[in-house]
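What TrEMBL records for 37-56, 136-155, 180-199, 264-283, 303-324 is transmembrane segment. According to TrEMBL, the feature domain 'Homeobox' maps to 67-128. The annotation DNA-binding region is assigned in TrEMBL to 69-129. Annotation comment: TrEMBL describes 131-332 as domain 'TLC'.
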Amino acid sequence: MFDTLYEWFWWDRIWLPVNLTWSDLEDRDGRVYAKASHLYVTVPYAFAFLFVRYLFERWIATPLAVSAGIQQRVHLKAEDNPILEAYYTTHYRNPVQADIDGLSKKCSLSVRQVQRWFRRRRSQDRPGVLKKFREASWRFVFYLSAFIGGIIALYDKEWFYDTREVWTDFPRQSMLESQYWYYVLEMSFYGSLLFSVAFDVKRKDFKEQIIHHLATLVLLSFSWCVNYIRIGTLVMLVHDASDVLMESAKLFNYAKWEKTCKTLFVLFAIVFMVTRLIIYPFWLIHCTWVYPIQHYPAFFGYYFFNVMLVVLLCLHMFWAYLILCMIRKFVTGTVSLLSKNASMADNGHKPSHT
């Protein structure tokens, strides 16, 4: 049964254009092709990223935060109370008045004492600025490195300037070493974000971030297996461009460099709108939607790939809405830019990335 499912899943007609089989993507004549088995290495690499992140946050980000005047905030610890703790973890963090009255009777505490206990308990779970700074520092370093690496890998490629070249000689396009590492490191990083989701700062767009990370990994895995690598590298580069500015804006926000933060946030908003809402749909999705059928008939993998790209586009529009709302509040003076946190964002989390 397993063999049958395996054969059905990897059926050529699902993933490849007509008249092409997996045997056409076997290494020969000096050509090297991406293989699904190559992706196994992203799992240990993801854990390696977590280890490097731990060292970076402890030995680089934390001293940097201290030098910027950011200190670990000490919260008053809520007293041990099994009844209130059980309610807090299984029901609500902000109980209504009726529940507070009931809990007061159960615990033989005054209403004021119960309210104070919940305030302190919520405060314990609230991530401090130092933790946020460390996370943003790590993501900033990765996105900046990935963006620079992407530029180096793509600046001399024809398809970087003319997206029609993405499909020239497809699928017989030999994989380059720069493409291999670009993919492996990006996928490993997103894998590490999924592994660390349990202890990372929870933001308002938490669910959207999980969807984004999963969609990104599925999209990259699929493009890798069917040799859509050229368009995959362009998609990664477009996403990394704005992520760098988002994370840097958050860093200066946490350090209370308000003018620098405002400038970076405005730059981020401009780059985000241009890359995610203009270049991404009108160049990249156009490239994957229009040009392939000039070379071969549409097939399931063609539709699947484009649907995943559209899923990311929907998330881009959601984050763009949040960005515009924040800018509107900032302009009207109803909120300080990036106040409370840059909760709408990121990779990481940000209006993310891919």
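Keep in mind that glycine also has a Cβ here, set from the backbone N, Cα and C atoms.
Automatic prediction, not curation, is the source of TrEMBL annotations.
Summarised by DSSP class, the composition of the domain 'Homeobox' (67-128) is 36 helix, 0 strand, 26 coil.
If you look at the transmembrane segment (37-56), the same-chain residues 6 or more away from its ends with a CB under 8 A from one of its CBs are 137-138, 141, 180, 184-185, 187-189, 191-192, 195-196, 221, 224-225. Residues belonging to the DNA-binding region (69-129) score a mean pLDDT of 79 in the model.
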